[in-house]
Amino acid sequence: MASGKVLEETYQKWVQYKEDCIEMIENEPLLQGLFCNRTFDRYACWPDTPAGFMINISCPFYLPWYEKVSQGVVRQRCGSDGLWEREDSGQVWRDMTQCEEEKEVTSQEVGMFYTVGYSLSLFTLVTALIVLLSFRKLHCTRNYIHANLFLSLILRAVSVIVKDTMLERHWGREIMKQTDVREMLSHQVSLTTSQVMMQYCVLANHYWFFGEAIYLYSVLIASVFIDSNKYLPYICLGWGTPLLFVLPWVVMKLMNENKECWAVNENMNYWWIIRFPILFINFLIFMKILKVILSKLRANNQSGYPDYKLRLAKATLTLMPLFGIHEIIFIFATDEQTTGVLRFIKVFFTLFLNSFQGFLVAVLYCYANKEVCSFISDFTSFS
């Protein structure tokens, strides 16, 4: 997926390339005889070219992959009539094969993996949500919390896919094959909006994990929200609290960093506004719950040390993807600070867990839930 920083830099370099070209057009002396006029076709800068000649110029330096194609050239042919040759479609003929980016198999494989993960998660989450909401006997605070968590994961997946699709569609590699690179800016408002919505959905997802953690902790220890039959406080926590962090982030971005469609963080303090509080809180309550589980396993242990150690390990591995603890691993390794192999590992690791997280949650909270399975079994038998 294209990054906001690369896209913004590409446009700025294109502007510089265009200005240099205009300066050349205005100041270079004219050729003698019959020739094709100098021009800027919004892809490359073409000097005056004698009729009947093929002109080769270096690949434009604004291309994001310029370092890979710096030795390449783009070609146009000036016809014998002093006009640039055209294709059957009417477009000016241009050979830019040497300036195109080579396809990266690894990137395609990661993208396919990512798409499969989110598609599987969306299917299982939507089905699980329908199951929990369709049967009245499954309606209770616990399952309402599960349902909202499913919904937050669905919205997160959709918002991520929409944002990335918009970036790929409007600012991806194909934009360089179009006639006007300025089209890259025509969708900045919608892209910025999609970025804000994605951040809200991601944050709401984290706070619903927090709600799940609070409920689990209340079951293990005591009631945090006194009336267990009311889940309004959870609604406020899951859908309302994210606004307290997203809105200040939006204000700071508008005032101090209103560029690059907000897809990159130059000032990491703004990023910490929306991410650090909930990741830190989730990590603390995760450790607290593990401590409680450990104490209960020790108290109820009848088979010796290895048994409860194994059960604790299983509980830990189960809770980690549910509370998003895997994000703690790369919390300080942002896209702006990682390169090379570390960046690839981070992208692969986070995309795998984030894209399949919804599937894991749906399985653990619905498909593998004994209460749900028992009810569905009774329902199908009765039918």
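First residue shown is number 1, and so on along the chain.
Placement of Cβ uses the backbone N, Cα and C atoms for every residue, glycine included.
Worth saying up front: this structure is predicted, and the values here are computed from it rather than measured.
As recorded in TrEMBL, the features of this protein are as follows:
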DOMAIN    20-103  domain 'G-protein coupled receptors family 2 profile 1'
DOMAIN    110-369  domain 'G-protein coupled receptors family 2 profile 2'
TRANSMEM  112-133  transmembrane segment
TRANSMEM  145-162  transmembrane segment
TRANSMEM  207-226  transmembrane segment
TRANSMEM  231-252  transmembrane segment
TRANSMEM  272-294  transmembrane segment
TRANSMEM  315-333  transmembrane segment
TRANSMEM  345-367  transmembrane segment
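Highest Cβ pair count under 8 Å relative to the transmembrane segment (112-133), across stretches 145-162, 231-252, 272-294, 345-367: 345-367. A contact between the transmembrane segment (145-162) and the transmembrane segment (272-294) is absent, since fewer than 3 of their C-beta pairs, 6 or more residues apart, lie under 8 Å. Secondary structure of the domain 'G-protein coupled receptors family 2 profile 1' (20-103), assigned with DSSP and counted as helix (H, G, I), strand (E, B) and coil, comes to 15 helix, 23 strand, 46 coil.
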